[in-house]
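TrEMBL annotations:
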TRANSMEM  A:74-94  transmembrane segment
TRANSMEM  A:106-129  transmembrane segment
TRANSMEM  A:135-155  transmembrane segment
TRANSMEM  A:167-188  transmembrane segment
TRANSMEM  A:208-228  transmembrane segment
TRANSMEM  A:261-285  transmembrane segment
TRANSMEM  A:297-316  transmembrane segment
TRANSMEM  A:323-344  transmembrane segment
Amino acid sequence: MSELTAGTLQSGYASRTLRRLTLLVCASCLLLLSFVVDCATGPGGYSLQTVAQVLADPFVHGARLKVIVWDYRIPVALTAVLVGAMLATAGAQMQTILNNPLAEPFTLGVSAAASFGAALAIVLGISIIPAVGGLLVTLNSFLFALGTCAIILLATRLKGVGSETMILFGIAIFFTFSALLSLMQYMASEDQLARIVFWMMGSLSRASWEKIGLGAALLCLAIPFGLMRTWSMTALRMGEATAESMGVDVARLRIEMLISISLLAATAVSFVGAVGFVGLVGPHIARLLVGEDQRFFLPLSALVGALVLSLTSIISKSITPGVIYPIGIITALIGVPVFISIILTTRREKLS
Amino acid sequence: MTLDIQDLTAGYGRKAILRNISVPAIEPGSFVGVIGPNAAGKSTLFKTIAGLIRPLAGEVRLGDRSLAHLSRRDRARAIAYMPQAYGCNALLTVFESVLLALKQTSGWRVREDNLTQVSATLASLRLSHLADRGISDLSGGQAQMVAVAQTLVRAPRMVLLDEPTSALDLHHQLSILGSIRSQMKARGTIVMAALHDLNLAAKFCDRLVLINQGRILADGRPEEVLGLDAIGETYRVTTTLETTRRGSFFVDATLDHHP
């Protein structure tokens, strides 16, 4: 009898694992599809088939189409995928180490700091490291985001700072940089103000192959780095005391993960501006689908985040032909109601 | 391997909570009950043995090795510590949460024998029917039994259980402590458990250690320790040790004076 039960338990676990792997494959396929549709969406009215052929063989329909697809559309579509994956990975890891489902780069003030860094460069031309032209704004926002993460990192090393304190700390950072950003906007000329507002709303049009290379390299390091620590990270979800009793060096794990999170969040935000919500929704949907075994949760969060931003990119180009709406607006306006309906219609305890 | 606790002084920061604790020669397979009032230092003792607190003086030796020289991973492999139960809202099944405890000290990939070990542990504690339930949906008592499973699945040389039965009903108090005792005896694993119920302690322990205010007041066989006046003084009650017709004994306690 107990033999039979043990066999049933194991086959139950095996079938759940298979289901989760299937979900990962499905999410990857959807992402690929969304990417191709994203490349095919835009002025010119080229069919999905034509664009797919150009994706496979750049010069099959002549040089003009090669330039449109490979130099304009793919960088934007790839940036959406990479940034979505980076934000969702950072969000998933932040939520785990801070034990708070609301933690993400936006809520912890990292995006606000990046926006302030960008505004500082736009209005005063002040940069921490000398740089030229368009890079100045990107670099400055990156450094401010990274600096904020470093402050959060230092705060975790202080004695008696728990995960609730960390969130309060993040909110304090958020308000501080929001106030400083308002100050910048107040000081800015009309032209500068427009640039700040445009930067804050988030846009994929700042895509370039260099940024894509950098983002892809970072993700290729961060995801294996996270996957190597999945058992400790899952243990942390059982509570700090339990994780420590299982032999996890919680303090060290927090610091290692925060370094990875900092780089991901700062890079993503400096690439596209302050896009909220993706870092929250990616992990949330992943959690509902596969639970919190981090071996599945982490990659699925990244895939869902990438898919969400890729779909956002499609929508931003499809509402009014010829107009590309800032993605930050789309994620909030369309994403939030979808997100809420998902939360309300999915039962929490559904795990199998 | 025997466990020796030698002149252990430990606490939080520079403040010592345990002072010169010595518990010599704990034999493999023995079940040691740690008793004492609230805030006596029982949890601090367990955390120090588990390595979560660095001792200010003294040492704990397992066989001929001092635990201070073991790496975190080796120590976690040798000693499984179950902290006092806390709720948790993770979206994991009971099966996954027990597997998780096992995977902390054995490679990244889930192997077939890992799954067998988890199923066997759940079956041995009669928890198989909970395997697919979410851990956040468990009752307090069920969560506590799952925490015991997380501790036993690692097949350590020693388990430290901090109040393992505080949320359990009478039936489960007896069945869980009974399973732990027989399994650990069979494996030669040392069990140290903090218990508040002196009668449960009398029933299951081979040896009792009475702690109050960070010091050891008594250490010996249950019938010796529970018969001491120190028990009454420590808990501020009057106790008598009674023997039943079947030969087992129990502690009868009354408050000294009513406020």
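Positions of Cβ are set from backbone N, Cα and C atoms, glycine also.
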The transmembrane segment (A:74-94) versus listed stretches A:135-155, A:208-228, A:297-316: most Cβ pairs under 8 Å: A:297-316
Distal contacts, the transmembrane segment (A:261-285) - CB-CB under 8 A, six or more residues away: 79, 82-84, 86-95, 97, 101-102, 104-107, 110-112, 114-115, 118, 138-139, 141-143, 145-146, 149-150, 152-153, 199-204, 206-207, 211, 214-215, 218-219, 222, 297, 301-302, 304-306, 308-309, 326-328, 331-332, 335-336, 339, 342-343
Considering the transmembrane segment (A:297-316), which listed stretch of A:167-188, A:208-228, A:323-344 counts the most C-beta pairs under 8 Å: A:323-344
Cβ-Cβ under 8 Å with the transmembrane segment (A:167-188): same-chain residues at least 6 beyond its ends: 98, 100, 102-103, 107-109, 112-113, 115-116, 119-120, 122-123, 144, 148, 151-152, 155, 161, 196-197, 200
Sequence-remote partners of the transmembrane segment (A:208-228) [C-beta within less than 8 Å, at least six residues beyond its ends]: 75, 78-79, 82-83, 85-86, 89, 93, 256-257, 260, 263-264, 267-268, 271, 294-295, 298-299, 302
